[in-house]
Amino acid sequence: MLLAIDCGNTNTVFSIWDGETFLCTLRTSTHHARTADAYFTWFSTLVNHYGIKLDITDVIISSTVPRVVFNLRVFADRFFGCRPLVVGKPECLLPVDVRVDAGTQVGPDRLVNTVAGFDRHGGDLILVDFGTATTFDVVAADGAYIGGVIAPGVNLSLEALHQAAAALPHIDIAKPQNVIGTNTVECMQSGVFWGYVGLVREICDRIKAERDRPMKVISTGGLAPLFQQSYALFDAFEDDLTMHGLTVIHQYNKDN
Ligand SMILES: Nc1ncnc2c1ncn2[C@@H]1O[C@H](COP(=O)(O)OP(=O)(O)O)[C@@H](O)[C@H]1O
Ligand SMILES: CC(C)(COP(=O)(O)O)[C@@H](O)C(=O)NCCC(=O)O
Ligand SMILES: [K+]
């Protein structure tokens, strides 16, 4: 059994893969100070709750927060007796090329998404991940990661308004009925929601023009469903894209 861990700047997601399906997916907030013992207390409680018999032999980690990897390594070693595979480390092989400027560190989540997208759909893709940041990963015809776009995340944009302006409250994103808001909350939601619809459309159109070919657009990440209902921005929404990529990379490293 494989334990796949996807650590983003906001949330860390654990999924158990039995080789055919994900038995369960557990989510906690990301904290670099959380100890291996604390991870296990939380993890084993939930796994018991779901009635899953634990037989974890392998662990793979993708982390956009380098500091959390230390405690996750200890967690894997102490409780499952294994050395985790960490995406982005030299010993972790990738089944796709990475074609970026020399010396550039690509976020491991973006590489994992690339692998997952190519495995499911082949090449010529734009992968839009609505996480803490909103990332656009461009996948070439041969599956290579060839760059992309990093935009401020949806919640980050709302939070920035609240932090910087005394009269703007902390609010949650929602799709406003109209573009013209008639109160502060509606005005803020409109700016971020419709601004984002425009951002996604413009960036995808420009990527397609720059590549000069048709490309499939796949969305994933916490807030993707909010935009999936709107205006045919995406060809598909895949909740488990990053997790799928982790299982593919794990299998590739076993086979090579
Ligand atoms: N189902 C959801 N509904 C509303 N907001 C969500 C949901 N899932 C995640 N979020 C929010 O979306 C943002 C991105 O979440 P997530 O995809 O987990 O980010 P990351 O991968 O960067 O940790 C966070 O601000 C989070 O609070
Ligand atoms: C862009 C990101 C912050 C997105 O992280 P997330 O929103 O998933 O937490 C992460 O992929 C990252 O730290 N990237 C490094 C720079 C790069 O990918 O070019
Ligand atoms: K992510």
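For all residues, glycine too, the Cβ spot is worked out from N, Cα and C.
Around the Cβ of Asp109 (active site, proton acceptor), the number of neighbouring Cβ atoms within 10 Å comes to 28. In the three-state DSSP scheme, Asp109 (active site, proton acceptor) falls into the helix class. As annotated by TrEMBL, active site, proton acceptor applies to Asp109.
Under the heading ATP binding site, TrEMBL lists Asp6, Cys7, Gly8, Asn9, Thr10, Asn11, Thr12, Val13, Thr132. Taking the Cβ of Thr10 (ATP binding site) as centre and 10 Å as the limit, one finds 17 other Cβ atoms among all the protein chains shown. Secondary structure at Thr10 (ATP binding site), as computed by DSSP, is coil.
If you take the C-beta of Thr184 (substrate binding site) and look for same-chain residues 6 or more apart in sequence within under 8 angstroms, you find Ala167, Leu168, Pro169. The substrate binding site annotation in TrEMBL covers Gly107, Pro108, Asp109, Arg110, Thr184.
Residues or ranges marked as K(+) binding site by TrEMBL: Asp129. Mapped onto three states, the DSSP output places Asp129 (K(+) binding site) in strand. Using a 10 Å radius centred on the Cβ of Asp129 (K(+) binding site) and all shown protein chains, the other Cβ atoms total 27.
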For ligand 1, pick out the binding-site residues Gly8, Thr10, Arg110, Thr132 that have a CB under 6 angstroms away from one of its atoms.
Gly8, Thr10, Thr132
Considering all pairs of residues in Asp6, Cys7, Gly8, Asn9, Thr10, Asn11, Thr12, Val13, Thr132, annotated in the record as contacting ATP, what is the maximal C-alpha distance expressed in whole angstrom?
14
Residue among recorded positions Gly107, Asp109, Arg110, Asp129 with Cα closest to the Cα of Gly8 (ATP binding site):
Asp109
So which binding-site residues out of Asp6, Gly8, Thr12 are up against ligand 2, CB under 6 A?
Gly8
